[in-house]
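Visitor: Have a look at the structure that comes next, please.
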Amino acid sequence: MRVGVSESEDSDGHVIEDEDLEMARQIENERKEKRAQKLKEKREREGKPPPKKRPAKKRKASSSEEDDDDEEESPRKSSKKSRKRAKSESESDESDEEEDRKKSKSKKKVDQKKKEKSKKKRTTSSSEDEDSDEEREQKSKKKSKKTKKQTSSESSEESEEERKVKKSKKNKEKSVKKRAETSEESDEDEKPSKKSKKGLKKKAKSESESESEDEKEVKKSKKKSKKVVKKESESEDEAPEKKKTEKRKRSKTSSEESSESEKSDEEEEEKESSPKPKKKKPLAVKKLSSDEESEESDVEVLPQKKKRGAVTLISDSEDEKDQKSESEASDVEEKVSKKKAKKQESSESGSDSSEGSITVNRKSKKKEKPEKKKKGIIMDSSKLQKETIDAERAEKERRKRLEKKQKEFNGIVLEEGEDLTEMLTGTSSQRKLKSVVLDPDSSTVDEESKKPVEVHNSLVRILKPHQAHGIQFMYDCACESLDRLDTEGSGGILAHCMGLGKTLQVITFLHTVLMHEKIGEKCKRVLVVVPKNVIINWFKEFQKWLVDNDEELDTIDVNELDSYKTIEDRRRALKAWHSSKTPSVMIIGYDLFRILTVEDDPKKKKPKNRNRRLEKAKEDFRKYLQNPGPDMVVCDEAHKLKNDDSALSKCMVKILTKRRICLTGTPLQNNLMEYHCMVNFVKPGLLGTKTEFANRFVNIINRGRTKDASPLEVSFMKRRCHVLYDHLKKCVDRKDYRVLTEAIPPKQEYVINVRQTERQCALYNAFLNDIVGDSGLSKRLLPDYHMFSRIWTHPYQLVLHEQRMERERVMREDAEEEADFIDDGDGSESESEGSFKSGSESDSGKSVVLSSDDEGSSKKKKNGNKPEIKKTAPQKKRKFLNSDDEDEEDGEDTAMAILQDGIRQSKRLAGEEADLRDTDTPPEYTGWFARLGLVKEEDRDDFALSNKLILLVEIIKKCEEIGDKLLVFSQSLESLTLIKRMLEYMAGTGQWFADGHEALNAEGEETWSWLEGEDYMTIDGSVQSGKRDAVQTSFNDPLNLRARLMLISTRAGSLGTNMVAANRVIIFDACWNPSHDTQSLFRVYRFGQTKPVYIYRFIAQGTMEERIYKRQVTKESTSMRVVDEAQIQRHYLGNDLTELYQFTPSTFDPDVEISCAPPKDRLLADVIHKNQHAVVDYIEHDTLFANVEDEKLTEQEMKDAWTDYEKDKSGMPVRAQYAAPPMPGFPNGMIVGQNVQALLQNRMNQGIRVDQMQHDILFKELQKMRIKDAGTAVKIVLLRNLLEQILPYIPDEMRGGMSEFNTHFIRLVHETDRKMETPADLLRKSLESFKTVIKMVKMIPTCREPLARMTRDYPYLFA
């Protein structure tokens, strides 16, 4: 089996290799060794004795000393009882003297035993005629019990007679083999055993002829007695068959030749097996006798389930050993009979003692027997489902067609010539597009009749190159070519980073395909499913880019369903859209789509208050939205489809069309299985089932992505990541924010570890000791998390929460009393249409609460009964963090993450009480802090008790001073309410401007305060979508300078909103799901941003929040590995979840300075310097996820990941330590070089003073470099100023969209600092940029005069 592109048709679509299977086995062996070593160390630490070795291993060793061949050919494992008896037997058979004594003793009693056995037989047969079946079973049970007692008290010896009984059993087994040999069911694997059966039979005959007369008689008597025992243990339905068998066998009295008895046995068994299946015989054991007999002894190998059975040594013994053998057969008989069919296929010949024969038989048996799945072994392609194989083959064929098309045609054409931007950057990323042709219509022969799929010129001029490639990707996925319009098409994921213009790409793509003559016939109706809070934004974007851009583009009917409030209105709107003859687009929210199409669960009782009008209209809704539904569907923020078991995903997959386009900026959220759900929506079966995907990718990547992974696991992970990335590269188009760095100012992210105050530490420890207990892990993780979050936010939050809970409890009791007094009926028929409005998507399904842990009406009653849920109360599932969630699945992110990672759950997490809040505060939590006296009423307005609030206030004041707008994201509405109250309190008491700072943008004598709607704005779940758009527009208004702060709930405002007016973001608390925080920061870092962006993440140091952030780091690393194929440093250990409850605060020592260098952000540096008691340290977030070049696979290694010819080399990346190299030409920071005095004089003539430079943005960035030089900074600022002077004289068509040079030089500064280059390198790059521009514009007439002036003032720059 080969991987990747293979010439063989059989290997199409294969992504797993044979060498990978071997590597997986090696990893599993390493993991087993590690587990054994850890267990041993744990026992040593606890003082426990080492575990005793199993006797089976000793038996194996002893048998190997006696006979190596017998050890290799040991019989299969029997029942546990047989093994226990075999243990005692094998311990006393070592010495030769005992064996001689046993032989002599057994010969004396041969005749006596023969008489006793015949007597027992007659007694048993007579009792069968007289007694009933029930009495017969009771006797057999008593006899077996008696036999067991006797064998347990006997010594561990075995007689010569029992060995002969084993030989008779072996002869029977040979007859079975002979019969199986002639059957039609035999396959190729049994051929070796067939060839050996004749030899085995001949050898058995020769051995039987050499037996003495006494041995033959003993064998005959043993055989008869054994059959009697079997007959007694048989069930009623098998008794007649056994009687018939025993009569036939007893009639055979001749014992002269054992071959004769063998033939008769064979004939009898064939007769018995013809009408009905043969009863399976008990498991046999290996025979070992005296030295001369052991050479001729036969070995019988029987099938096993798991491992080789223990080697059983049998020697001469007393008379009781015969009874023991009989009882063993009786015990095993019933179990073995259930598997008789299996034995007929896998049983083997046991007379050949050669090693080769046994080996062949074992191999053939392993092939015949279905293997149990082993942990850590990758699935072979033969184990995959047919759907998976077909999907992989179809995708491979599509990729071949696309590669051929790309070689023959490239429809994305850039304008000829070079503009200013391209000359400076050295790339074509900023060059304007000349034309974008998606399909040349090559199938049409007539040139005049060809209708290429081409983007309209009015749209081409506003597109960027990466957006043109995204449009081409969507066309290749949904349509592929005009020749394949009759096929069902397929889908793809446009996984462009937030801010790269995915909405514009979709609008351009839809306009292009809908207005095409051929495609428009097949695709007229498009459904765009988006989050509720961006419905209006999408509608406005269609108007902006189509209607407002060019009247010729206004050819598509665009409508949104949210504006229709009643069921009937929505039905009419969908009917008009579905039956439209012109191209039309319908925009709908995820929640409304689910409500209109969800099917009732037949297992659940229908609610009495359900909307009957909606139930009647659902049939039409499903027709319009699902089957036949739209011709194409577009899903924005498609990571909402992360759980294929959710109601939303179940509704979405029922859409009939396969032309599905998914948009997401964060394709990977909590785990790889969520990624699988999204890919499976657009490409069903491509990644296989969940089990197949987990086996082939998830398990391997998860093992190797942590720092405690072995080198082999890391190597295997890298290979799997590359295979997964390459496997999906034609259906997932990923572009990260590096595209933004070439077009907008840079971004800096900082993680600030905030120190806990003494009061917070005392409360945290008290809660750990008194409430959580000594177990270390509470059974109520989510309630504990919320309690901790209140502590690290502000201690008084505990009191406010309890007060709100008490108020709600009283209101709930009053409502229950009123409900008991007034009977309103079920309300099923009286429900008005007006109740089913757009608010039903979220407002009627949720109650707006202040935080996720607000219990509301879902508190548990004391009697244990489920509380009645009011109409306005949430339905069954409530939100985890706040009421801002846009669908019911988002609220379960945390709970699902904890469940998947093995954290202990309470009953409420396990879903036993699904109608109750997952985050209900347990009764023992109520008022626990009041007993300690750590929280007082006067703490309400003491905001110094929280260092997070102190840092927040300082950053807001600094932003006021420099004129920057700020966004504050929090996942808890409690925190947002606290921030509001703090700002209003400080403004009302005159504390805000008491420190003397001034707002830069305050006009004249205008006094700013903190009034909602004027000074700050809020977006949370209670703000309707229409109002959100108005708030966003007002905040982004460049003339509205007073609105300088926006408070946003993480989930309500992190999706799809545009806040480019702000350039600083504070993420107040870390979220379990990293995608929410990532979405938040990209509200400001997107196209349209004109200032450098600064992100500050507040993390409560030493707390559970710090551990949550570490989980985010691991998840983002996985996302970049799989989606971007970036090799990221493996972050933290794999067992971090077990450390969630550890509290390791850092105490403040005023004599010890903060252990970190000043950040490049001057604002943050000032804040940290002023508040060192509040900050432990900081880290740059982007540095954690910088692409580690050392871990990248080379081109050859990428091939090896597919062909598996050799293993990858692994190694931990080592970050280069900072060491400033000597800078020749710049000693002691002084400017040295040609015409230095002239440079200084010209600088003075232009009025450039040092005090003015201190406020220059470029100069500030130069001073933040880790390797900096003042002289070089002055030179670079001068070059920038000269280019700014000549820019107005450059024609607009040559600028390439460049309006200033500041951004270009700042990008050079950051690039140089990131690569740890010297200031000399930066100066060289700056001079190259300067000369490039001068060379480009020197022939332009308008530029001649300013260039002549520069030449006179700075001749050395033009030399």
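Each residue, glycine too, has its Cβ placed from N, Cα and C.
For 1-402, 809-891, the entry in Swiss-Prot reads region 'Disordered'. Look at Swiss-Prot and you will find 11-49, 321-336, 383-397 tagged as compositional bias 'Basic and acidic residues'. Feature annotation from Swiss-Prot assigns compositional bias 'Basic residues' to 50-61, 77-86, 103-123, 139-149, 165-177, 194-204, 219-229, 362-376. Residues annotated as compositional bias 'Acidic residues' in Swiss-Prot: 64-73, 257-271, 814-832. The annotation compositional bias 'Low complexity' is assigned in Swiss-Prot to 347-357, 833-847. Residues or ranges marked as domain 'Helicase ATP-binding' by Swiss-Prot on the basis of sequence analysis: 483-685. Taken from Swiss-Prot, the feature ATP binding site covers His496, Cys497, Met498, Gly499, Leu500, Gly501, Lys502, Thr503, and the record attributes it to sequence analysis. What Swiss-Prot lists as motif 'DEAH box' is 636-639. Residues annotated as domain 'Helicase C-terminal' in Swiss-Prot, with sequence analysis given as evidence: 951-1134.
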Visitor: I'd like to know the mean pLDDT over the motif 'DEAH box' (636-639).
Guide: 86
Visitor: What other residues of this chain sit with their CB within 8 A of the center of the CB atoms of His496, Cys497, Met498, Gly499, Leu500, Gly501, Lys502, Thr503, the recorded ATP site?
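Guide: Those within range, site residues removed, are Gly665, Arg1086, Phe1087.
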Visitor: Using a 10 Å radius around its CB, how many other CB atoms surround Thr503 (ATP binding site)?
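Guide: Around the Cβ of Thr503 (ATP binding site), 22 other Cβ atoms lie within 10 Å.
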Visitor: Ten-angstrom check, please: count other Cβ atoms within 10 Å of the Cβ of Met498 (ATP binding site), all chains counted.
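Guide: Looking across every protein chain shown, the total is 23.
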Visitor: Please report the number of other Cβ atoms within 10 Å of the Cβ of Leu500 (ATP binding site).
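Guide: Cβ-Cβ neighbours of Leu500 (ATP binding site) within 10 Å number 24.
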Visitor: Count the Cβ atoms, other than its own, that fall within 10 Å of the Cβ of Gly501 (ATP binding site), considering every protein chain shown.
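Guide: Gly501 (ATP binding site): 20 neighbouring Cβ atoms within 10 Å.
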Visitor: Based on DSSP, name the secondary structure state of Gly499 (ATP binding site): helix, strand or coil.
Guide: coil
Visitor: Just give the helix, strand and coil counts over the compositional bias 'Basic and acidic residues' (383-397), going by DSSP.
Guide: 13 helix, 0 strand, 2 coil
